[in-house]
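Engineer: Quick one: the structure is below, and I'll ask about it shortly.
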């Protein structure tokens, strides 16, 4: 039996996490569910994120024998994990900014945290900084616009640098910044452009590989759901069908999801 793994995000940023996981578990059965009806999650209230996460996982668990769920969104992960772990019997893996490895890697101990506005203000993230980077200077930029720029890149293949530059302008001439944490699953898709605009930064870190390692460990040490399924191809779902649906379906096909379905909550 192939394990069934669900990943969910507000948009397609979670595909960066999926990409890392499938390198280690190429034969797993993947479900990807993006909440485009509530995109982006960046500044949504905690109660909205928890309610939608619960409903999305419940819908999928009702229809598919889930072995593991990945919350492939930093913003959601800062608030939804305790509730999901209380409700569901299977492992729930979250996505947190790579603060610990960044603190170990940075030579100047000046680190940039590039995330959504919601993520950089959450107590959970502030506690990670206190725990793992107490001796580091953490420069924070919270951006909803960059999430939207990445979604556009998935459709057009390019990011408008004239729109990206103002977002990270404060870091461009920073004398000691040597490490940037990509604290949103969308942002690895903008890594090339960020490297171009921030040539003095040595390290750009995201959590994708660490999540993949954690998922692999849990799958290898968990009994897989023995319920038989007729449909074993990877499937993608969204929460609303809008004027971007056909383009989004093509994008999901490129990432290994032959079919995009609408599953409202």
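Just so it is clear, glycine is given a Cβ too, placed from its N, Cα and C backbone atoms.
Annotations for this protein, taken from Swiss-Prot, read as follows:
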| type | residues | note |
| --- | --- | --- |
| ACT_SITE | 73 | active site, proton donor/acceptor |
| ACT_SITE | 184 | active site, proton donor/acceptor |
| BINDING | 9, 10, 41, 42, 74, 75, 185, 186 | substrate binding site |
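Help me picture these features in the structure, burial and contacts included.
Structural biologist: Neighbour density for residue 73 (active site, proton donor/acceptor): within 10 A of its CB lie 32 other CB atoms from the protein chains shown.
In three-state terms derived from DSSP, residue 184 (active site, proton donor/acceptor) belongs to neither a helical nor a strand segment and is classed as coil. Within 10 Å of the Cβ of residue 184 (active site, proton donor/acceptor) there are 34 other Cβ atoms, across all protein chains.
A simple way to gauge crowding: the CB of residue 9 (substrate binding site) has 30 other CB atoms within 10 angstroms, across all the protein chains here. According to its DSSP assignment, residue 9 (substrate binding site) is in a strand.
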Engineer: Are there any residues in the same chain, six or more apart in sequence, whose C-beta is under 8 angstroms from the C-beta of residue 74 (substrate binding site), and if so which?
Structural biologist: 95, 96, 97, 115, 116, 119, 183, 184, 185, 207
Engineer: Which chain neighbours of the substrate site, leaving out 9, 10, 41, 42, 74, 75, 185, 186, have a Cβ atom within 8 Å of the mean position of the site's Cβ atoms?
Structural biologist: 11, 13, 14, 40, 73, 76, 116, 119, 147, 184
Engineer: What does the structure give for the C-alpha distance between residue 186 (substrate binding site) and residue 73 (active site, proton donor/acceptor)? Integer Å is fine.
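Structural biologist: Here the two Cα atoms lie 8 Å apart.
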Engineer: Just checking a number: largest C-alpha distance across 9, 10, 41, 42, 74, 75, 185, 186 for the substrate site, rounded to a whole Å.
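Structural biologist: Max span of the substrate binding residues, Cα based, is 12 Å.
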